[in-house]
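What TrEMBL says about this protein:
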BINDING   CYS514, CYS517, CYS554, CYS557  Zn(2+) 1 binding site
BINDING   CYS523, CYS526, CYS541, CYS544  Zn(2+) 2 binding site
DOMAIN    284-450  domain 'Helicase ATP-binding'
Amino acid sequence: MPPMISTDYIEVAVILPVNQTYVYAIPGTFRADACPGMRVLVPFGRRRVTGYILAEKKESGPYKTKDVLDLLDDHPLFPESDIAFFKWVSGYYIYPLGETIKAAMPAGLDCMDVSCAFVTVKGAKALEAGELPHEEARVLGLASAKEGISLKSLSRRDPAGAAVLRGLEKKDLVQVTAVLQTQTAGIKTEKFISLPRETPTLQIRMSAKRQKILAIVREAREVSLTSLKRHVPTAANLIKPLVEAGWLNVVNRRVFRDPLGEPVTPDTPPELTDEQAAVVKQIQARADVFSPCLLVGVTGSGKTEVYMRLVADAVAKGRGAIVLVPEIALISQTEGRFRARFGEKIAVIHSMLSQGERLDQWRKISLGKVNIVIGARSAIFAPIREIGIIIVDEEHDYSYKQESGLRYNARDLAVVRAKMHNCPVVLGSATPSVQSCRNVMLKKFFKLELTRRVNNQTLPEITLVDMKKYQGSSCYTDRIITPELGRAIRFCLEKGNQALIFLNRRGFSTFPVCASCGKTLGCPYCDVTMTLHKEADRYKCHLCGHLLISDIRCPDCGTGKIRNLGFGTEKIESMLKTLFPDARVARMDQDSTARKGSTLAILRQIRNRTVDIIVGTQMLAKGHDFPAITLVGVICADLSLSLPDFRASERTFQLLAQVAGRAGRGAEPGRVIMQTFNPDHFTIKAARNQDYLEFFNQETPFRKALMYPPFSRMIQLKISGKNADKTRDHARLAADILVRLNTLEPQAQILGPIEAAIQKISSRYRWQILIKGLYSENISRMVSAMVRDPAIQKVKSVSIAIDVDPYSLL
Ligand code: ADP
Ligand code: ZN
């Protein structure tokens, strides 16, 4: 526990778009419980706002200070040592400090009603045994009420209660869990079985299984029904008569919510291959210094095993570890493997958790009860006090970039945070980003490689099929699922294997056109075409979600029927069902996984081989390990090539190489059929050869010539507003100010303002300014000065979002 506040004043970062911190007086009533990392409620102008305590202050400063109104936490949300990190993030991304910290914290703190303490099984036993010190027993007694006790009412009854409670929580005698106003009904309870005090007199039939249950309960004194079911799957039914006859007691207790769905069996670490051992050794040699490492390992080369060894090392030294993995689908797998190795020592942070669950995980970390954190991008902010290693798996993945609010890149922050903790950071990938490869060239990163698959399986053979050959074909299907791909699928199915068909575009028809006037059916609020979704029987806008009924007439001419051209995953699915009527076909994309739990359900189907052909978007391309997939079909490799984005080629290369890597991970070799209109494009060729260096060497001259990253630093300003003219004028004003500020040598390039490629989203008009320069400090200083300019600040109806190191230029 960090030291409590001992002075009269504190420095607070309020959650408001302001550029400085403020000093408040902290009344004696709160002082004993307050420390940096906790939230406070403070007056600000005529409002009351939430802020974070950064530090204690001896002096009030030149202005009259106001009093803190309330202390909102019983425990710091982050260690004091993280404040330097937050300040760095706030400065680099030009985002207010208080709002930066808020973005780093788990969502849901705001609507949090109360934290409640509940007595654990261990706590109940300790209370019963009567051996606890007086004050601990009293607090435990208060918390043993069925609904627990809120921390607020505890401190009201007992001023020292909070401190005692923290001690109890560390000893696992109580659990403190966030009870959200909206979620009180969702608190999980669990049945616990124990033996009664008196021996039962009523005799019942004792089957072998019932005897086994009794033996287990006798041994454990008390067990949860869940763990009992692990020994005797039918326990739930078997115990009912035992309870009725008085042989067993059942109580309902609240339990800590656990994100883990199914039990995982512990594994034993395999012996490392020579390559793995060499990699581990090299990183171990740098364990106590900041050492950024790019680990390039072909798909299936055993990177995850390497990560686990490094994490085990860090933990053995008493330090923590952060493991970042992209996207939920991957988490479902990586989490399982880490659980199998590290058991309950890990916390998991990802978007499939409910808010309450996320808060609980966060609390476990900040209390130091666990020190391995696995999660998606936001886990980079996990409140680990002393970090021994940070891993970023699939470092090239775009999901590490947050695209709203605090627009950070978790991969880049991993490097910054590792530097602050003096520890190694491992960026792993089979298709490393151009940025990271360049850092290796510049000797900022050192490179390690895993060149072979663990089971010595060869990489899949990739065949390119030129789609141009079939565009004249009278058979519509042949134009989309070429005869080559069709044959390969048939062959795969005949051998009893699974096929993965990839198309990075969802929906049924992606290009609805009026048959009479020829206009495309667009979204009324966005500057894009609608997509027909057959299952939903609606046209959907993929940007704002607007829906139109499917038998609509052309809104433009009012009479024409809509012809549904273009194809997405939904259409591919239905074509495959027609072509292969005996095959079981499933689809995995944003639409089919919208319901909670459906992603995992589809993945389970693939794993259990209850589907033969699985069609999907990039959700399916990443990181999964499905041994029965021997064929990967890419419907159209070029979809993302033509996007107006300097990373279009990189994105395409990575996606294709990744999806190809899904084939042949089991005993049988894999095959990939890649359909394309551009078989001679260097990106497609490099993907075919699965050679990231070939791609890197051909891509970098373009980037260099056009001064794109990694040969420059970029900031993009995204200017948007409801009024077209005002938005344009504001964008022009911002650009004028930037030009005036652009005095430092070497001068920055200011491109724009231009209208965004997608000119309107959700009725907001969009303009952009791109600033390119050799040094991030220079362009960052210009942008900070521009947004602070009174002329800019005055306009409230147009917003300027700052995107430092932007990914999406659309
Ligand atoms: P990557 O993360 O590089 O794609 P994985 O870590 O998923 O590769 O490894 C591929 C498979 O090989 C996994 O099933 C993993 O359990 C297994 N594996 C990894 N290392 C070893 C090893 N040293 N010995 C045996 N099997 C291993
Ligand atoms: Zn729309």
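Just so you know, glycine gets a Cβ as well, placed from its N, Cα and C.
Shown on the structure are the features that TrEMBL records.
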residue	record	contacts (Cβ under 8 Å, 6+ apart)
CYS514	Zn(2+) 1 binding site	THR520, LEU521, CYS554, ASP556, CYS557, GLY560, LYS561, ILE562, ARG563
CYS517	Zn(2+) 1 binding site	CYS554, ASP556, CYS557, GLY560
CYS523	Zn(2+) 2 binding site	THR529, MET530, CYS541, LEU543, CYS544, HIS546
CYS526	Zn(2+) 2 binding site	CYS541, LEU543, CYS544, HIS546, ILE758, LYS760, ILE761, SER762
Extra residues within 8 Å (Cβ to Cβ centroid of CYS523, CYS526, CYS541, CYS544), Zn(2+) 2
PRO524, TYR525, VAL528, MET530, HIS542, LEU543, GLY545, HIS546, ILE761, SER762
Would you identify which of the binding-site residues CYS541, CYS544, CYS557 has the most other C-beta atoms lying within 10 angstroms of its C-beta?
CYS541
With an 8 Å cut-off on Cβ distance to the CYS514, CYS517, CYS554, CYS557 Cβ center, who else from the chain surrounds the Zn(2+) 1 site?
ALA515, SER516, GLY518, LYS519, ARG553, PRO555, ASP556, GLY558, THR559, GLY560
Helix, strand or coil: which one is CYS517 (Zn(2+) 1 binding site) in, per DSSP?
coil
For the binding-site residues CYS517, CYS526, CYS541, CYS544, CYS554, which sit with their CB under 6 angstroms from an atom of ligand 2?
CYS526, CYS541, CYS544
Please give me the CB contact count at 10 A for CYS554 (Zn(2+) 1 binding site), counting all chains in the structure.
20
Helix, strand or coil: which one is CYS554 (Zn(2+) 1 binding site) in, per DSSP?
coil
Reduced DSSP state (H/G/I helix, E/B strand, rest coil) at CYS526 (Zn(2+) 2 binding site) is coil
